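A.B. asks: This is the structure, below, for whatever I ask next.
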Amino acid sequence: MNENIAEKFRADGVARPNWSAVFAVAFCVACLITVEFLPVSLLTPMAQDLGISEGIAGQSVTVTAFVAMFSSLFITQIIQATDRRYIVILFAVLLTASCLMVSFANSFTLLLLGRACLGLALGGFWAMSASLTMRLVPARTVPKALSVIFGAVSIALVIAAPLGSFLGGIIGWRNVFNAAAVMGVLCVIWVVKSLPSLPGEPSHQKQNMFSLLQRPGVMAGMIAIFMSFAGQFAFFTYIRPVYMNLAGFDVDGLTLVLLSFGIASFVGTSFSSYVLKRSVKLALAGAPLLLALSALTLIVWGSDKTVAAVIAIIWGLAFALVPVGWSTWITRSLADQAEKAGSIQVAVIQLANTCGAAVGGYALDNFGLLSPLALSGCLMLLTALVVAAKVRITPMS
């Protein structure tokens, strides 16, 4: 019965892709991600200006992720049948307001309030991203549209920290957030002009969010999502100490490694649609398997700089398939409840990021330099096995 509902949902979809709207969504996502990570490169001047420690100032990033987790879980319950066009506009307005609140903050409390506004927009937008995409393009074009959106994410992740640091040294951290507010205004304008009316879920289709986990293969999928992102953050959060102490990179060398990783991630995202068109399941199982082998390679031969640098590139290419692949899985296998599935997915990812970084840090402190790599490799291998054995992928109609 669920398959029939999904087929009907696809049949009622759009006939021609609305690429202007897709790029508007991608631009909004890029702006949200950029603003999320701006404080990482501006912590010192922010802390000095507000009279707080850098550790306290760093909580401006934590509060955004924390609010985003709850926003993603409850946003679909709150907005119900509201036209999604207005909701996306609201998120763009919240992005702009967040930047202005941070820019004019004269206290830590106002700073956190501004960053909480960003978390509301970030979590809500991510929860709706898959369902928005599948309503803007035909089913056959969804992987390509998702690769555009996640390509924007890759670009934002690459440029956010260095751009913030560069501009902060020239115009000051407050004006960096003022410039980000201008980007928010551009988001509002672009969304207003390009995004069509997207009515909310009819009342007869409403279903408890967590009842989706009872569908065959869905719980396994969410477990696989958790393990893959936890595995990523268990290692990548500590890539600096691992690469500097294991492979002997200096700061400049590490910068080049991270830049190579970012470029590889962008390339992987850009070409992900071609892989996913052939087999979503192969991509979702193959990518973590390749990452598990990469972790093993680093453990055995990571002291060689060339090997370590190549593995960073392979890691960026392979992991790029993971977020696009799981969003594609939602649009294929949970098409009739894509918003609610997206809400659970984003919450799972946020929790996985937190747990992966925390456990990876504990392992690094207590079991040595290679332990985050070993933890990451084990989680990636388990992900591949769960996907191969338990996750179901609905064929594209």
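Every residue, even glycine, has its Cβ placed from backbone N, Cα and C.
Okay, these came from Swiss-Prot:
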TOPO_DOM  1-21  topological domain 'Cytoplasmic'
TOPO_DOM  43-54  topological domain 'Periplasmic'
TOPO_DOM  76-85  topological domain 'Cytoplasmic'
TOPO_DOM  129-147  topological domain 'Cytoplasmic'
TOPO_DOM  169-175  topological domain 'Periplasmic'
TOPO_DOM  197-215  topological domain 'Cytoplasmic'
TOPO_DOM  237-255  topological domain 'Periplasmic'
TOPO_DOM  277-281  topological domain 'Cytoplasmic'
TOPO_DOM  327-343  topological domain 'Cytoplasmic'
TOPO_DOM  388-397  topological domain 'Cytoplasmic'
TRANSMEM  22-42  transmembrane segment
TRANSMEM  55-75  transmembrane segment
TRANSMEM  86-106  transmembrane segment
TRANSMEM  108-128  transmembrane segment
TRANSMEM  148-168  transmembrane segment
TRANSMEM  176-196  transmembrane segment
TRANSMEM  216-236  transmembrane segment
TRANSMEM  256-276  transmembrane segment
TRANSMEM  282-302  transmembrane segment
TRANSMEM  306-326  transmembrane segment
TRANSMEM  344-364  transmembrane segment
TRANSMEM  367-387  transmembrane segment
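Map the listed features onto the structure and describe their local environment.
C.D. replies: Per-residue pLDDT, averaged over the topological domain 'Periplasmic' (43-54), rounds to 84.
Panel annotation: around the topological domain 'Cytoplasmic' (129-147), residues 10, 13-19, 21-22, 25, 29, 84, 88, 196, 198, 269-273, 276-277, 324, 327-328, 330-331, 335, 338-339, 341-342, 345, 396-397 of the same chain, lying at least six beyond its termini, place a Cβ under 8 Å from a Cβ of the stretch.
Within the same chain, residues 298, 302-305, 307-308, 312, 356-357, 360-361, 364, 369-370, 372-373 sit at least 6 positions outside the topological domain 'Periplasmic' (237-255) and bring their C-beta atoms closer than 8 Å to a C-beta of that stretch.
Beyond its flanks by at least six residues, the topological domain 'Cytoplasmic' (277-281) meets 143, 325, 328-329, 332, 387-388, 391, 393 of its own chain at Cβ-Cβ distances under 8 Å.
Using a Cβ-Cβ cut-off under 8 Å and counting only residues 6 or more beyond its ends in the same chain, the transmembrane segment (22-42) has close neighbours at 57-58, 60-61, 64, 88, 91-92, 95, 98-99, 115, 118, 121-122, 125-126, 129, 132-133, 136-137, 145, 148-149, 151-153, 155-157, 159-165, 168, 173, 176-177, 180, 183-184, 186-187, 190-191, 193-195.
Sequence-distant contacts of the transmembrane segment (55-75) (same chain, six or more residues past either end, CB-CB distance under 8 Å): 36-37, 39-40, 43, 46-47, 102, 108, 111-112, 115-116, 118-124, 126-128, 209, 342-344, 346-347, 350-351, 353-354.
Only residues 6 or more beyond the boundaries of the transmembrane segment (86-106), in the same chain, are considered here, and those with a CB under 8 A from a CB of the stretch are 25, 28, 31-32, 35, 50, 60, 79, 113-115, 117-118, 120-121, 124-125, 128, 132, 174-175, 177-178, 180-181, 184-185, 187-188, 191-192, 195.
Long-range contacts of the transmembrane segment (108-128) within its own chain (CB-CB distance under 8 A, at least 6 residues past either end) are made by residues 28-29, 32, 35-36, 39, 46, 50, 52, 56-57, 59-61, 63-73, 75-76, 84, 87-88, 91-92, 94-95, 97-102, 339, 342-343, 345-346, 350.
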A.B. asks: Give me the stretch from 216-236, 282-302, 306-326, 344-364 with the greatest number of Cβ pairs under 8 Å to the transmembrane segment (148-168).
C.D. replies: 306-326
A.B. asks: Which range out of 216-236, 256-276, 306-326 gives the transmembrane segment (367-387) the most CB pairs under 8 Å?
C.D. replies: 216-236
A.B. asks: Based on DSSP, tally up the residues of the topological domain 'Periplasmic' (237-255) by helix, strand and coil.
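C.D. replies: Breakdown, helix to coil: 13 helix, 0 strand, 6 coil.
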A.B. asks: What stretch of 256-276, 282-302, 306-326, 344-364 shows the most Cβ pairs under 8 Å to the transmembrane segment (216-236)?
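C.D. replies: Selected stretch: 344-364, with the most Cβ pairs under 8 Å.
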A.B. asks: State the residues, same chain only, that lie 6 or more residues beyond the ends of the topological domain 'Periplasmic' (169-175) and have a CB under 8 A from a CB inside it; answer 'none' if no residue qualifies.
C.D. replies: 42, 45-46, 49, 103-104
A.B. asks: Is it possible to list how many residues within the topological domain 'Cytoplasmic' (277-281) are helical, extended or coil according to DSSP?
C.D. replies: 4 helix, 0 strand, 1 coil
